[in-house]
């Protein structure tokens, strides 16, 4: 932990998470709020939000930020993704905590700026996540779990360094996964799948009703995806001692799928 704390690259990565999260939140939530501004040509018509537009805005902004800072921080931009990668032994506990703090701060700063930009909107909730009419807390929690699970599973699979069959753009694949989650969940919960994004809107709008759903759901979904991928779909050949070393040192070598032949396994050890 001490060795990470002293490295410039570590702090560059934390700053990259903060900056990319700020841009992501401003662009994506700004896109969602845009439909609320008065129509100059026809003020009498009532416009409805375009879910496809909003879903693409979230997905494309994630893909763009991942392409921009992925080589610096990994572009987690989501505490649920950070948790999944932590359980998958890709980062240390200290880095995970610093990333989550940076992500939450970035979301708060971006939402605060967006609040000023959209101050003319009446009843502006700044993209606040909430349960739709007819959806109870348990149903909303289930939607958040499933939508987050598919996202974190996609992140783990597309960034797995053991694979040599991945073609195309990993950031685009992850962005499309974010868009897919929004296409599913917007009508039910507003689509959280990102506790930091939900926290920024709740804090600036000062409305924390059912806010726990948008932390518990993504946490369960992200953790489940990591456990399913690491222990069922693509097991990693490592014991608890090796995992503890990674969680404390934060330095990981590439490691291979656990094969049927025990002699072919490559253990996961810190560099």
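The backbone N, Cα and C atoms fix where each Cβ goes, glycine too.
Pulled from TrEMBL:
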- 12-35: transmembrane segment (TRANSMEM)
- 55-75: transmembrane segment (TRANSMEM)
- 96-117: transmembrane segment (TRANSMEM)
- 137-158: transmembrane segment (TRANSMEM)
- 170-190: transmembrane segment (TRANSMEM)
- 212-233: transmembrane segment (TRANSMEM)
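Below 8 angstroms of C-beta separation, residues 47-50, 53-54, 57-58, 61-62, 65, 68-69, 72-77, 95, 98-99, 102-103, 105-107, 109-111, 113-114, 117-118, 121, 124, 126-127, 196-197, 200-201 of the same chain, each at least six residues beyond the ends of the transmembrane segment (12-35), sit close to that stretch. Highlighted: of the candidate stretches 55-75, 96-117, 170-190, 212-233, 212-233 has the greatest count of Cβ pairs under 8 Å to the transmembrane segment (137-158).
Residues of the same chain lying 6 or more positions beyond the ends of the transmembrane segment (55-75) and with a Cβ under 8 Å from any Cβ of it are 9, 12-14, 16-17, 19-21, 23-24, 27-28, 31-32, 85, 90-91, 99, 159, 169-172, 174-180, 182-183, 186, 191.
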